[in-house]
Amino acid sequence: METLHREKVAVMGSGSWGTALAVLLAENGHDVALWSYRQEEAEAMAAEGENREFLPGIAIPKSIQITWDCEKALTGRQAVVLATPSSYLRSTLQRFKGHLERGALLINVAKGLEESTLQTLGQVIAQECPEHQVAALSGPSHAEEVSRKIPTTVVASSASRAAAERTQGLFMNEYFRVYTNPDLLGVELGGALKNVIALAAGISDGLGCGDNTKAALMTRGITEIARLGTAMGADFHTFNGLSGIGDLIVTCTSMHSRNRRAGILIGQGKSLTEALGEVHMVVEGVYTAQAAVKFMERYHVEMPITRTVYQVLYEELPIQGVMKNLMEREKKSEDLSWHLVTEHQVRWQEER
Ligand SMILES: NC(=O)C1=CN([C@@H]2O[C@H](COP(=O)(O)OP(=O)(O)OC[C@H]3O[C@@H](n4cnc5c(N)ncnc54)[C@H](O)[C@@H]3O)[C@@H](O)[C@H]2O)C=CC1
Ligand SMILES: O=C(CO)COP(=O)(O)O
């Protein structure tokens, strides 16, 4: 592996993902500050040398500066990793943007959509910090495995090639392989929307359905994600990549997945509040489902799995009605690719 260019990096958010990435960046030789939203979280991590609440068992190198003071975290740092849950992204940016170094690269690692504005997280960052370049790091990457150095691959995406490649260079090492991708919109949508499908996969498991059902949810899930994504202008191929189908696979099958675990509990009959309490960590799909329903209405696309999850969470659809909702829909053609479907339809019409 080529020698890394050492940078001063701030990781804003010390949940499981922020902590795992701060450890990785420090191991890559960077000078890292890790900012916590809660003072007691920062103090506990500093005293215990680990994040017992969100990432137990992983030693935090002493070289990492742990702080709850934004100014301390950001001063002199030219790369800033945004690792708060998506619903707190804007408030966190508003709180610290006055302390950002001029020209600092902002790298978002959260996965979600802002429901109140119907913006992607990249758009939220660009609106709050218009002077700064934005990148995203996304893909199948549970903190619990990355922090144990289990081989993982992700994508670094930005409208700016230089920003995507800089992000790639910051994170890449022998167990964390980073590809670049120029389709920021597609990367962000894949990462956000898969969480809703993971809730559905968990519900299916909780209901006692089988592997056939899971495979169907994953396959039809990526189809509906790509349907919305392409309607919004994303590249269809991105959904076949790590931040699309890759992340969907890991989150629908792994017991590390917070979204899948919440889904399992709901499928077993627990209420949303009970499920969220039990999982304890952020379950992004619960919020993304609300935004996704608004997006599908705005772009006139059908997303039956996403809509069904929304109905379970917010419209009291009985859990026993989930499979009926999906299986007894009207007959459809399998639309794996919009361009192919169009070609087939043209051919079929010509054959008539
Ligand atoms: N955990 C993982 O394996 C991965 C998580 N992500 C994404 O990273 C983002 C963060 O997730 P996790 O680290 O898992 O979260 P987490 O559930 O482990 O931690 C949540 C963090 O949010 C903080 N917090 C609470 N209230 C806040 C507020 N008002 N403002 C700012 N921060 C507040 C908590 O103190 C805590 O540090 C999410 O968007 C998630 O989808 C992405 C890839 C992997
Ligand atoms: O996005 C993630 C892993 O890539 C984390 O989300 P989940 O924990 O719900 O799978």
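Think of each number as a place in line: the chain as shown, counted from 1.
Even glycines carry a Cβ here, placed using N, Cα and C.
Listed in sequence order, the residues of the same chain lying 6 or more apart from LYS194 (active site, proton acceptor) and placing their CB within less than 8 Å of its CB are LYS111, GLY221, ILE222, ILE225, GLY244, ASP247, LEU248, THR251, CYS252. Residues annotated as active site, proton acceptor in TrEMBL: LYS194.
A sphere of 10 angstroms centred on the C-beta of ARG38 (NADPH binding site) encloses 11 other C-beta atoms. Taken from TrEMBL, the feature NADPH binding site covers SER16, TRP17, ARG38, LYS111, ALA143, ARG258, VAL282, GLU284.
Feature annotation from TrEMBL assigns sn-glycerol 3-phosphate binding site to LYS111, GLY139, SER141, LYS194, ASP247, SER257, ARG258, ASN259. DSSP assigns GLY139 (sn-glycerol 3-phosphate binding site) to coil in the three-state reduction, placing it in neither a helix nor a strand.
Residues or ranges marked as domain 'Glycerol-3-phosphate dehydrogenase NAD-dependent N-terminal' in TrEMBL: 8-163.
The domain 'Glycerol-3-phosphate dehydrogenase NAD-dependent C-terminal' feature in TrEMBL is assigned to 183-323. Secondary structure by DSSP for the domain 'Glycerol-3-phosphate dehydrogenase NAD-dependent C-terminal' (183-323): 112 helix, 0 strand, 29 coil.
Selection of the binding-site residues SER16, ARG38, LYS111, SER257, VAL282 by a Cβ distance under 6 Å from ligand 2 yields, in sequence order, LYS111, SER257. Proximity to ligand 1 at the level of Cβ atoms, with a cut-off under 6 angstroms, picks out LYS111, ALA143 from the binding-site residues LYS111, ALA143, ASP247, ASN259. The Cβ of TRP17 (NADPH binding site) has 27 neighbouring Cβ atoms from other residues within 10 Å, across all protein chains displayed.
Site extent for NADPH: the farthest pair of Cα atoms among SER16, TRP17, ARG38, LYS111, ALA143, ARG258, VAL282, GLU284 sits 21 Å apart.
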